[in-house]
Protein chains: 2
Amino acid sequence: MNKEEALNFLKEQLKTMNYLGSTLSIVSWDMEVMAPSQAIDYRSEVMGYLSTQYHQLATDSRIGEALEALSSEISLTQHETKLVENFKDSYEKNKKIPESLQRELTIATSKGSQYWKKAKEKQNYEIFKPYLKQVIDLAIKQAECVGYEGHIYNAFLDDFEKGMTVEELDRIFPPLRDGLVALLDKIMKAKQDEPHHPEGEFDKDRQEQLSLMLLDAMGYDYKESGRVDETEHPFTTSLGPKDVRITTHYYEESIESAIFSSVHEGGHAIYDQNMPHQLAEYGIDEAPSMGIHESQSRFYENIIGRSLSFWRAFYPKLQKIFPEYQEISLEDFYRIVNKVTPSLVRTEADEVTYSLHVIIRYEIEKLMVSGAVSVDELPALWNQKYEEYLGITPPNDSEGLMQDVHWSEALIGYFPSYALGNLYGAQFYHQMKKDIPNVTEQIEAGDLTEIFNWLKTNVHEQGNLYTPAELVERVTGEPLNPQYFLDYLNEKYSRIYHF
Amino acid sequence: MNKEEALNFLKEQLKTMNYLGSTLSIVSWDMEVMAPSQAIDYRSEVMGYLSTQYHQLATDSRIGEALEALSSEISLTQHETKLVENFKDSYEKNKKIPESLQRELTIATSKGSQYWKKAKEKQNYEIFKPYLKQVIDLAIKQAECVGYEGHIYNAFLDDFEKGMTVEELDRIFPPLRDGLVALLDKIMKAKQDEPHHPEGEFDKDRQEQLSLMLLDAMGYDYKESGRVDETEHPFTTSLGPKDVRITTHYYEESIESAIFSSVHEGGHAIYDQNMPHQLAEYGIDEAPSMGIHESQSRFYENIIGRSLSFWRAFYPKLQKIFPEYQEISLEDFYRIVNKVTPSLVRTEADEVTYSLHVIIRYEIEKLMVSGAVSVDELPALWNQKYEEYLGITPPNDSEGLMQDVHWSEALIGYFPSYALGNLYGAQFYHQMKKDIPNVTEQIEAGDLTEIFNWLKTNVHEQGNLYTPAELVERVTGEPLNPQYFLDYLNEKYSRIYHF
């Protein structure tokens, strides 16, 4: 292959992979949102078939030939270089993992998920333990095959947060942890009686009306190039460049979950809708990492969606839809949606404690993959850290180390992205306030257009042209710094809790 | 390949084709029912890719090798024989059509559909004419390549109604046509003032409630292995063996369309839900023909759904949902939904005139593909036949020969299936009444279970083990006979119109 042939081959392969990727997204979305219960068995077979086809495309040996042909090519454009890098990364990683190991891991995670579910239901870690051990052992083997520099955990991080390392996280997480623990301590000491949501039945239709109003304000086009549906666990998925769908959840007894699920997923959706789709042929129309994607959802959910300014604009509209809230003042509503309480479950945690849940997992995972802690020791270690950082101990392992699905599926190294999202978001916001000096006034007026445009220009339209670290530095002029997030939280919560 | 290898290969190939077929159904259903408007462009590319993949599987040269290996095999079971036959049929047909012709036809039908739409909008046949000519010419070429015995139209019929021939249709359709024209004449002479639907706004929710009630009674499982949604043009599709979905249409100004669309599609859906899925590996879980499939939908829509017995059971329930109908007696409602009027458009035709619309198309298509009538002569021929059989002349070609999409897509030979469905249904019903002597009483009691079971055993669970002709003979003990349909209509309408 000459240069042109090699580039054309990669582009064509990517195009085909994207067709299959889109197909898989459509088929999964339908499975999650629309399919009748009995469809599951056959649908799983169909998805298995499509996944295998995708894997075959991704490991096609002609990719290796094309990469070889381009390996000493120095006259590539920035976009072409990115195309080559993206393929190189996944292709070479794939090639290093023996098929037998891949197969073993597939079986182990399939069993792992199954027994995790069972063990969690029965609150019995012993049921899950042997399968977890197997998953961890195989994941370590895989990391050894792929190779890494420094800590073995770097091999895991690389799958979700390109370029991120233990060395870097060990610079960022300890001050974050200490800052959060200190803040939490202040909050707990200052805590007095707190206001509550009104009781009532908040029907789905009105919750949907509210969600759509907020999503409209954010600039998510759910009418012509998206959809909003309902599922038990909310998510965002791209079925095509102009088909980005979210789901949310309406609980009749409370409107809070629908609001913040919608706004969170809306943040993800805006990102996907504003990717540089014109660069799709180079594979640049994707986020550089999980953490950067999460930064957008958590930015809208928390920094915007839980701010007083935001509710100055939207609370009167909420009260119109829900007259039940006439009796609750704006300030009380603001305090309700920003209530801080140490809790056992990550997915239900507030803005202050959330990252502590993540850091606990990070600290445990590091020990786990370096062999310093055995599966037997995990529950005690988990509980000890919850006591230390959050002051609470799980009554059982189902609300403890078995609460998340991740480990059963060998998703080790994924958790840090959640906390990094908070940090990226706060650092972006710090810069945004410099670039848009009256941003608070704009939010108070219910006008999120400039915020949308700022994110679009600085983050969304950059796709994966830069690594997370490069992007943060380009946008904010300095490396990732957890202090911005801590400052934001301290300022916000010292006002709420008066300390 | 030895026998076993060849059979296994065919089974594996079929399995893969079914995965891709299911995928295409999911992706199309989503496109029709769920996708946002801007998704179309990319989705079309995805569907193009999947179709090409499917075509490659269907024309894989190893199918030829397997068929070759099995060609002199005499010790095949009935199911294995069917597997081989199904592959042989489509594979050899495909092989006989040169790729260049296939490509020309794809382009011609794509343009044909486009210009048909434009021409229909502008009521100007001249816009469509040259493209129609091209489609017809290429379709004739294709028929010549594939080959046929007797009339060239037999090649077209074979695609939709396996084993059906011009010779057979020329035995069946003329007496049907004459009988219908005579019946229509009697009805028109007996016609007096007829009752009307009440005016009002019939909201979607109540129409859905009614539709689901009727579908429940029919035995269509839309809860656990199906769905009911809304689209402009109602349809049924199988996304998997336990995922058979229908769509219907709710017009706020009238409940009639929703009722009969739902019941019609429900008939299709019950069929697909009760196929012999355990024989899927042999490809036996399909209808033997379009006409047999249509027999089930039209049986439920007309023979059951427009019967007085049916509404004796369900009209009181309808009146509960729609108190607007309190003022309309059961007998008047029955007359309203069975009103006979010659009309221009096939899809809006009543039970008596419907088959005449089809016969007109059949007579024209025969002339069309044998070169006996040119595209220039089509409008005059069309209008002349409408005047002759139905006593009306279209005011323009959009309500005349351009009303259907079929010809623009080279779907020639498809129309007869619609009328055959009526005939099959009536002949099945004649037998069913012998087998279930009190079937009318059961319908009047709102109990359709025995009907469901009779169709399941005699038709649905037979899959495509038999050709349409064989199935009719097996179930009713004699070949297809249009007299049953004519008798049914004459008995029904002589009572309604008192002659």
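Including glycine, each Cβ sits where the backbone N, Cα and C put it.
All TrEMBL annotations are machine predictions without curation.
Cβ neighbours of B:Glu265 (active site, proton donor/acceptor) (same chain, under 8 Å, six or more residues apart in sequence): B:Pro234, B:Phe235, B:Thr236, B:Ile246, B:Thr247, B:Thr248, B:Ser297. Classification of B:Glu265 (active site, proton donor/acceptor) by DSSP places it within a helix. Marked as active site, proton donor/acceptor by TrEMBL: B:Glu265.
The Zn(2+) binding site annotation in TrEMBL covers B:His264, B:His268, B:Glu294. A 10 Å cutoff on Cβ-Cβ distances gives B:Glu294 (Zn(2+) binding site) a total of 24 other Cβ atoms nearby, all chains included. In the three-state DSSP reading, B:Glu294 (Zn(2+) binding site) counts as helix.
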Using a Cβ-Cβ cut-off under 8 angstroms and a sequence gap of six or more, which residues of the chain neighbour B:His268 (Zn(2+) binding site)? B:Thr236, B:Ile246, B:His293, B:Gln296, B:Ser297
Just to confirm: which same-chain residues, 6+ apart in sequence, have a Cβ under 8 Å from the Cβ of B:His264 (Zn(2+) binding site)? B:Pro234, B:Ser297, B:Arg298, B:Tyr300, B:Glu301, B:Gly305
Can you list the residues of the same chain, besides B:His264, B:His268, B:Glu294, whose Cβ falls within 8 Å of the Zn(2+) site's Cβ centroid? B:Thr236, B:Glu265, B:Gly267, B:His293, B:Gln296, B:Ser297, B:Arg298, B:Tyr300, B:Glu301, B:Gly421
